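Per Swiss-Prot, region 'Disordered' is recorded for 1-151, 163-190, 230-267, 385-448, 942-968, 1010-1073. Here Swiss-Prot flags 143-147 as motif 'APM2-interacting WQEMP motif', drawing on experimental evidence. Among the features that Swiss-Prot reports, N-linked glycosylation site is placed at 190, 229, 236, 280, 411, 495, 726, 850. Look at Swiss-Prot and you will find 233-249 tagged as compositional bias 'Low complexity'. The compositional bias 'Acidic residues' annotation in Swiss-Prot covers 252-267. Sequence annotations record features per position, and here Swiss-Prot assigns compositional bias 'Polar residues' to 404-427. The compositional bias 'Pro residues' annotation in Swiss-Prot covers 1027-1037.
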């Protein structure tokens, strides 16, 4: 065997061809008996080697001359069989077949992989195959395109079938491969159902399919034009066989132009479809009546937006706020300018005359309703094709296209030529027999070249107008937030949801290559932070100096006035520990001076340090993207706190549906967010400090602590200035200004932005909106959603914030948010109304949503964010998110345990009662009442009883009952305040004495001596035993008091029953006494 036959490519090609021909064995056997191609003679192996080498050299020479690509001879042979069926010796018996020495009837033929298409004269009517094998077989010396193999169907985020399953079984492959026509894309193979998808759930794929089905008339497959050209090429091949090679070269050149590799090619081929061409298409699809209704509805909607802004400006007294009046006036002027620009573009696009413009502008004055104008826009119509060709060419084109396309493609691309009455009656309901997601989600905008062969076009007027308006809004290469609000409001009038608009925006931008550029985005705002820090430097120095003076005055005055008392307390404490002689100095003039000066210095230090920390600048300000798909809108989220070191600010918003747009999260001041999120440290610290002061009050320095509690209450300057809550509030306000600078600089793209935040994050957004109003930056913010905002309701600020938002402004509050009700008001809010705990009234355009059913407290906002987002209308994939498991720090656990042990020890020490623990005489101290002492002793005895395990008691009972009784008497005493057993014993003694007196009286009567004697003998003193004291069980109730169940019932004795006297039986109970 020669070296050429041992080449690896030849062996692999042979194996591939053998497997391919084996799959269609029956078809090969039938033609082997009837076709004359087996009559060709076969030569020896040497001839095969010579012919093989010569053919290979000719191919390489020809490739150097004209650069044409080779094609597998197998494809040509199969095309001859699938074509007209005429036998040809040139095409049937190649030199390689003649000299192979292998019987074709027994084994599959190994054709020459280097056989050129120009070496043989093709049979008229043959079809060229465009499978991936033909591309991979061409040996051009570079990287070969390898087909992707998968065991299941995979869909992309648009719902398109990206990769079909590769069936390795020969039987299944024989069933699927012959049904695929030449040139058909792999997206239509095995696409009759929804298979595995990379999207979050199958529901998303089905939703995308239903939404995209409504706009299929505006889009077409990317390969449709190629298929139509290939069908026209086959007609030319049938008529003129001599021009086959030229047509093949032309088709190959077209394939080269269509296939673009971003890693191999330097310049991307230019696509003729753009925004302007699509605008011309949509304009031609509308009638005059629909155009006037379209323009009139947009005019009315724009006037409504201007009216709402004017109503908002009238909510406040403009005369008393001149600066605010100027800002609101500029906002109204800018809104009017935007309206003029949008309407002028629309008039020019649709060709509206000046007289018609005047008529349309007066529609709002006549109180025309939108529902009346939009009735004609909610229909599906069948219109004449404006790009129709001649009738003869149309019929030929339809016939050839029908031959070359599968039934699924015919339904997807040619169904417009035969309008369906069911589809026209219910345009929004897709048919059950339509092809699924893979074949109905194309990626190319409708091209007139693709529909020239159609007589009628079925269009949905509403979606055509939405597409036209969307492209009009993007005409200046910027997407204003007011334009998107106008688009969504208009879609609601046409009975479309915002989610469908998001799907449509994504589809249009993907088709026209209009994605938002992300290369120029800035993720770290160092420049803006530096500028803000410089502008704030002088203000910070002034505030620090003021706080220093104020702190020195507060502590200096309080320390100077109370210096004698403080000095006396210090002297008393020192004398307690054995240091004497300091009383005269500390209570004199010298001590007073020392205390006053020290208090002044300490106050100045506390004030300066606290204000410096509070006026600090923002050090961390970054953006963390969660969904970055280059969409035309952005959702920016701001978290209120972080839980632990491993927490992520994107986690509460991680369940938002990606179709809503790009989603970024603001990562700012992580140390401060972690300190807030770990615990409610502010309230807990205040309570803990109070308990420590009480603990210290029972120690040696009792007099000192008690004497300086008043100046400490007056001098909580440090806590007021630099507590974590106040510092976080001021830092959030500063971060909002930096966010405003970022949005003004368009660092996140020239697109509408939706802001979502909770707790401190909502305060960041609120500060950003006010700063945008001050900077007169309009058209940036589309929607705002605030939850649990720690901000005071000031009407001026609310009006400023609402004026820069074009869409919805939602305030989420909770009635059970005690955190804001107590802490925020105590720290900064005073008695003013807070946004996070009450509704906002008397301000136009603000929605109030009560979140109490989802939020029990302030710390539940983070956990309930997916539910709240779903409540306000944002699509979410799940109502819960999975927390990040954080590893416990051993040092932190050890520190917490030590702190708990110290607190327990201090409380135990405080609870111990000492008889002589101070210099105050005992008779001067307040005394407790007797009943208080008794209750405390009973409680302590009950605790001692509870400390004894039950198992030990049972064991002691079994071993030695006497010892157990002694232990029980010592450790288990009755917790009741009254000894019921003693009372019962005294009662029995009284009854016995009364009984003896009665017997003596009876003995004095005559005739009854014998009976009395017999009774005395029977009831002698030696035989009489009073009832013993009942054993009292230990208390079982948790409060250790058993007044209701104490004692036992007293039953009558035997001698109480006198049959002669028939005395009445009486029962006595201890509780009745």
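Glycine is no exception: its Cβ is also placed from the backbone N, Cα and C atoms.
The model shown is predicted, which means the values in this text are computed figures rather than measured ones.
Swiss-Prot feature annotations superimposed on the structure.
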residue: 280; record: N-linked glycosylation site; CB count, 10 Å: 10
residue: 495; record: N-linked glycosylation site; CB count, 10 Å: 11
residue: 726; record: N-linked glycosylation site; CB count, 10 Å: 19
residue: 850; record: N-linked glycosylation site; CB count, 10 Å: 13
Inter-residue Cα distance where the pair is residue 495 (N-linked glycosylation site) and residue 280 (N-linked glycosylation site), in Å: 25
Three-state secondary structure, residue 495 (N-linked glycosylation site) (per DSSP): coil
Alpha-carbon distance [residue 726 (N-linked glycosylation site); residue 850 (N-linked glycosylation site)] in Å: 26
Cα separation, residue 726 (N-linked glycosylation site) to residue 495 (N-linked glycosylation site) (Å, whole number): 47
Segment-level pLDDT (mean, integer) for the motif 'APM2-interacting WQEMP motif' (143-147): 70
